[in-house]
Amino acid sequence: MVQRQQTALVGTDDGGIRLSSTETIPNITGDSVLIKTKAVSVNPVDTKMIGPYVTPGAVAGFDFAGVVEMVGPDATKCDIRVGDRVCTAIMGMNPLDPTVGAFAEYTAAVEWILLKIPPNLSFEEGASLGISFMTTGLALFKSLGLPGNPLSPATEKLPVLVYGGSSATGTAAIQLVKLAGFAPITTCSPRNFELVKSYGASAVFDYNDPDCIRDIKKHTKNNIRYALDCISTTQSMQFCYQAIGRAGGKYTALEPFSEAVARTRKMVKPDWIMGPQMLGKEIRWPEPHWRPANAEMGEFGVYWTAVLRKLLDNNLIRPHAIVVREGGLEKVLDGIEDIRAKKISGKKLVFTL
């Protein structure tokens, strides 16, 4: 039996996060699984869990890796067993499920969203996979609706723009776009050109070059129909809208997009997504991040996680570069501040527990 209480990072009454050693360990029922956390990663979303997004007492954190400690009675479909090394992304700071979050000694997840960590990857590398590959999968194959997928590639090698290719979501997107049979066209600073090429980018452009959009249009014969914006600012949206070909297309961001920019091209369909939508449950965060329960999203989540399992099993995807720190949950608080201050560049910040 596991202990009754645990240490975790939880929301405070004044909209912050603190370390607590008297938190409840998640109760395991149905198809849920209890995991002893071994490593966690800090993501930009963690920096946004402040103020009205904080539920007092709710556990924070999204990305984790660990060892299966207990399996619910109905968790029988995905061959998850006690002792398995697993990772995934869950929804931390969840007012509807406050005992579950990544930044804790123990966490829980439904069995279908768990990924088994292959032998060639460490817990620290596993902890970096969840948000990056789940969010980009949702963006590319649900929101943008790319024909084909990494297990059944498209027959036409269309160009797909990945803006911000050297980010963690960018390198994940480049790999998935290429595996799905498309040509990943990406942007980053020149110092990261070789990095994004190593992940499969077919062409790379310096977003600071004044001729960048013209060069992309020339390279793609003005035929980009799909754009994933991994940076998701007004400026990056304007860039993507200008780079999309004359026939229009689809644009997906990872944050709410500018309605003013959206109005500049009626032939481009904009959207923005959040990774937790794949759970299919209500996201009870303040507007504009509130979402109703959506069974169709949940079905996509089951489908996409199964795709990711096969990609991992066959060593077809690899994680973003990571920087590993020790010090446990107490140091995660410092890590959140470092991400907020943009002190970490080009790598995912991971902590061992």
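Note that Cβ sites are derived from N, Cα and C of the backbone, with glycine treated the same way.
For TYR207 (NADP(+) binding site), the number of other Cβ atoms no farther than 10 Å from its own Cβ, over all displayed protein chains, is 18. Classification of TYR207 (NADP(+) binding site) by DSSP places it in coil, neither helical nor stranded. What Swiss-Prot records for 45-48, 166-169, 189-192, TYR207, 254-255, 344-345 is NADP(+) binding site, and it gives similarity to another entry as the kind of evidence.
All protein chains included, GLY137 (substrate binding site) registers 26 other Cβ atoms within 10 Å of its own Cβ. Taken from Swiss-Prot, the feature substrate binding site applies to ILE131, SER132, PHE133, MET134, THR135, THR136, GLY137, LEU138, GLY275, PRO276, GLN277, MET278, LEU279, supported by sequence analysis.
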Sparsest-packed of the listed binding-site residues (PRO190, GLY275) - C-beta count within 10 angstroms: PRO190
Spatial neighbours, same chain, of ALA168 (NADP(+) binding site) - Cβ under 8 Å, 6+ residues apart: ASN43, SER128, ILE131, SER132, HIS320, LYS348
Max pairwise CA distance, angstrom, over record-listed substrate binders ILE131, SER132, PHE133, MET134, THR135, THR136, GLY137, LEU138, GLY275, PRO276, GLN277, MET278, LEU279: 15
DSSP state at GLN277 (substrate binding site), helix/strand/coil: helix
Integer Å distance between the CA atoms belonging to VAL45 (NADP(+) binding site) and THR135 (substrate binding site): 12
Fewest Cβ neighbours within 10 Å, where candidates are the binding-site residues VAL45, ILE131, ILE344: ILE344
